[in-house]
Amino acid sequence: MKASMFLALAGLALLFVVCYASESEEKEFSNELLSSVLAVDDNSKGEERECLGFGKGCNPSSDQCCKSSNLVCSRKHRWCKYEIGK
């Protein structure tokens, strides 16, 4: 009786370890996949847009704000702001 209980508990412990290991592998795989997708997305954003976003510091003589997004470099405050009315 004691031996069968010991074997049953050992079997349950082994099952728990195997399930936990496979679950952690799945999580690691999904985390790696997600991070690789986000890394590719970040790289493509950097290649597409070489301009600054709203509220970023800029130099009025070399306007790096995105004209397509109606952003201009403020000469007074030296940061990218929306150009309203044009």
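Placement of Cβ uses the backbone N, Cα and C atoms for every residue, glycine included.
Remember, it's a predicted structure, so these values are computed and weren't measured experimentally.
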- Scan CYS65, CYS66 and flag the one Swiss-Prot records as disulfide-linked to CYS80. CYS65
- Message: Say which of CYS66, CYS73 is recorded by Swiss-Prot as the disulfide partner for CYS58.
- Response: CYS73
- Where CYS51 (disulfide bond) falls in three-state DSSP terms: coil
- Note on the structure: In three-state DSSP terms, CYS58 (disulfide bond) is classed as coil
- Task: Please report the number of other Cβ atoms within 10 Å of the Cβ of ILE84 (isoleucine amide).
- Result: 6
- Expressed in Å to no decimal places, the gap between the Cα atoms of CYS58 (disulfide bond) and CYS66 (disulfide bond) is 11
